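A short worksheet on the structure shown next.
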């Protein structure tokens with residue numbers, strides 16, 4: 001058996017070359033015609049309320065046939081006041097002219113329901129910790145925090161539907177309350193609202209690119225996890241770790257890369273982000289089996305009920321556990337039966353998979369702290385975050 005930490009980190013060595021792609025230009029190097037700025041979006045009519053162009057009077061039908069759509073749009077703009085005034089909030093103000101607050105409440109309700117329930121706040125703490133080094137201003141930090149928080153909570157709405165989950169943070173999942181269709185629409189809607197927050201940043205062209213890239217990675221990771229589950233195809237440990245790098249690591253990288261777009265500090269944190277992403281997700285997999293608090297909030301060994309290949313399960317199957325076939329059958333059942341779940345835990349125990357997972361987690365904790373010591377500037381926020389994760393691991397029975 002290979003050393004736990006080495007086997008956990010090795011699959012990411014090639015991935016790290018593309019995890020933090022470098023932007024070719026900073027915003028100051030873009031020429032004006034290269035960018036479609038929010039001001040230009042307003043000018044070309046993309047954000048104009050329905051019917052707003054008709055208010056400027058009718059055009060001669062014979063002349064209009066020779067006028068391009070862009071010319072028509074610009075004609076309207078030239079005869080109307082500048083509504084943007086360099087303030088992104090104006091976009092929302094224009095949209096609100098024909099969109100009622102009551103309607104907004106209705107379509108956001110599934111999202112607001114889950115967002116209003118306190119979570120781990122790991123992403124907010126990560127942003128605070130990394131910004132200790134990047135020193136991004138408070139207003140930009142708030143925009144980044146809002147973007148990542150909205151994207152994360154919206155992804156949970158979709159996650160719970162795809163996993164047929166019943167509980168989230170100790171309460172019924174949003175789709176159990178509002179229905180599947182409305183919850184899907186609310187989640188997708190909030191993805192775009194999250195992206196719109198980035199227009200508040202001076203570096204918004206880079207920030208939008210980062211957001212899109214990491215949302216693509218998130219969906220790649222989620223897609224592979226669903227494929228393995230629905231086809232009962234056990235992934236290799238390498239494939240599983242790559243999935244984590246995309247799904248969980250995607251939002252972690254989004255935080256750091258968005259901070260980088262707004263910072264003058266040049267600090268290489270790639271390896272630390274990789275380790276934290278692995279640490280967080282594998283710890284979550286372990287707690288799903290071993291932590292009483294998570295059992296109360298989501299249900300004991302909910303990963304088995306969802307038919308999900310978690311880190312301990314992947315290890316047991318990969319090691320050729322004596323009852324490998326029985327474990328696969330239990331995953332296929334997607335059962336809530338406590339006796340079956342307890343039998344599955346016994347299989348993992350006998351295969352040494354829970355001990356292995358715990359050993360990997362302690363190794364990741366040591367690795368993260370070793371990397372932290374290499375930075376010139378001490379980071380008490382990152383130390384506190386690691387301490388909290390270690391305490392959570394130690395609390396598992």
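The backbone N, Cα and C atoms fix where each Cβ goes, and this holds for glycine too.
According to Swiss-Prot, the feature region 'Disordered' maps to 1-67. Residues annotated as compositional bias 'Basic and acidic residues' in Swiss-Prot: 13-42. The compositional bias 'Low complexity' feature in Swiss-Prot is assigned to 52-67. Among the features that Swiss-Prot reports, isopentenyl diphosphate binding site is placed at 120, 123, 152, 169, with the record citing similarity to another entry. Per Swiss-Prot, the feature Mg(2+) 2 binding site maps to 159, 163. Taken from Swiss-Prot, the feature Mg(2+) 1 binding site covers 159, 163, and the record attributes it to similarity to another entry. The dimethylallyl diphosphate binding site annotation in Swiss-Prot covers 168, 247, 248, 281, 288, 298, 308, and the record cites similarity to another entry as its basis. The annotation site 'Important for determining product chain length' is assigned in Swiss-Prot to 191 on the grounds of similarity to another entry. Taken from Swiss-Prot, the feature Mg(2+) 3 binding site applies to 284.
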Consider each pair of residues in 120, 123, 152, 169, all listed by the record as binding isopentenyl diphosphate, and report the largest Cα separation in Å as a whole number.
16
Isopentenyl diphosphate site, defined by 120, 123, 152, 169: further same-chain residues with Cβ within 8 Å of the Cβ centre:
119, 121, 122, 149, 153, 156
Around the C-beta of residue 308 (dimethylallyl diphosphate binding site), how many further C-beta atoms are within 10 angstroms, looking at every protein chain?
18
State the Cα to Cα distance, in Å, between residue 308 (dimethylallyl diphosphate binding site) and residue 163 (Mg(2+) 2 binding site), rounded to an integer.
9
Tell me which residues of the chain lie with their Cβ under 8 angstroms from that of residue 281 (dimethylallyl diphosphate binding site), as long as they are six or more apart in sequence?
244, 247, 248, 311
Express the distance between the Cα positions of residue 169 (isopentenyl diphosphate binding site) and residue 288 (dimethylallyl diphosphate binding site) as a whole number of Å.
13
Candidate nearest residue 152 (isopentenyl diphosphate binding site) in space, where candidates are the recorded positions 163, 191, 284 and distance is Cα-Cα:
191
